[in-house]
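Engineer: For reference, TrEMBL lists these features for the protein:
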- 41-268: domain 'Radical SAM core' (DOMAIN)
- 56, 60, 63: [4Fe-4S] cluster binding site (BINDING)
- 100, 131, 191, 263: [2Fe-2S] cluster binding site (BINDING)
Ligand code: SF4
């Protein structure tokens, strides 16, 4: 069987055709493409920590961290480096392979840069992959972060270009694309996706997928979020998106970006187990364990672990395997790691779950 070629020339009508396939045909196709590039029973697990919360000057209508809306969110200053490193260590112990740090900024200032660069160096020295989301970056900032060892930069396009100014007015789509270009030029990997259920239509979902799939390099990670409606934000009472439309979006993301990790991201807590399993079947192969992972009592992470066991899913090993030998060595290392950390798939446990 020849592998599906990786394309960067998708048309809007091709993406509409995929989104409108009979559901079973679409999911079958997505799962077939998925198996050409990934172990279908592995899901990559990342942990996200907010290093600076709230009071953001941007006006993203979905975001409780925007200073434009009153959501009762407690603002926090930039976390101390020691605290970030301690939490990264805890995440590593719980099986996370990548540690993502997010700050609610329009872009980092000159004063912020030495702190974030030091954070990158220290988290990286723990053997974790590092990811940051800090807002817009110019070429110099992207270069400095890459030099400090940052592996991934997250910068979402959120939606289609035509729907963008219904959601955000304090920056443009082109600003986003410029930052993505700066990140790529600096040699970092890109994490870029969007949010569904913001009142957009199918054309907007298709437009976003086309934009992502036609970037010169596909983002290595593509977070597909379901809007979490937060009281006090302008999207608080927007109409719910049909969950099957969400699964369709994941499936098409998998087909048009076959080698990227498609991440089931925000909104996962609101989904039942069956919905999450459908998303995995449609090609999602990455999740976030939330910050609650880092607290000792963590029912959310336990629930994720049980779901993985029930579905026979294993957390993906650290790093990316490129050859069969590397993959095999990585799997052995991951199995050892998971066994030591009680995340290893256990058939007996699954039977009783
Ligand atoms: S830039 Fe980020 S933190 Fe700021 S309002 Fe938008 S989504 Fe929220």
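One is the number of the first residue shown, and numbering goes on along the chain from there.
Each residue, glycine too, has its Cβ placed from N, Cα and C.
For each listed feature, how buried is it and what is near it?
Structural biologist: Mean predicted confidence for the domain 'Radical SAM core' (41-268): the pLDDT average there is 90.
The Cβ neighbour count for residue 56 ([4Fe-4S] cluster binding site), using a 10 Å radius and every protein chain shown, is 21.
Secondary structure at residue 131 ([2Fe-2S] cluster binding site), taken from DSSP and collapsed to helix, strand or coil, is strand.
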Engineer: C-alpha of residue 63 ([4Fe-4S] cluster binding site) to C-alpha of residue 100 ([2Fe-2S] cluster binding site): distance in Å?
Structural biologist: 18
Engineer: Cβ-Cβ under 8 Å from residue 60 ([4Fe-4S] cluster binding site), same chain, 6 or more residues apart: which ones?
Structural biologist: 66, 158, 167, 168
Engineer: Enumerate in sequence order the binding-site residues 100, 131, 191, 263 whose Cβ-atom distance to ligand 1 is under 6 angstroms.
Structural biologist: none
Engineer: Work out the three-state DSSP category of residue 191 ([2Fe-2S] cluster binding site).
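Structural biologist: Assignment for residue 191 ([2Fe-2S] cluster binding site) reads strand.
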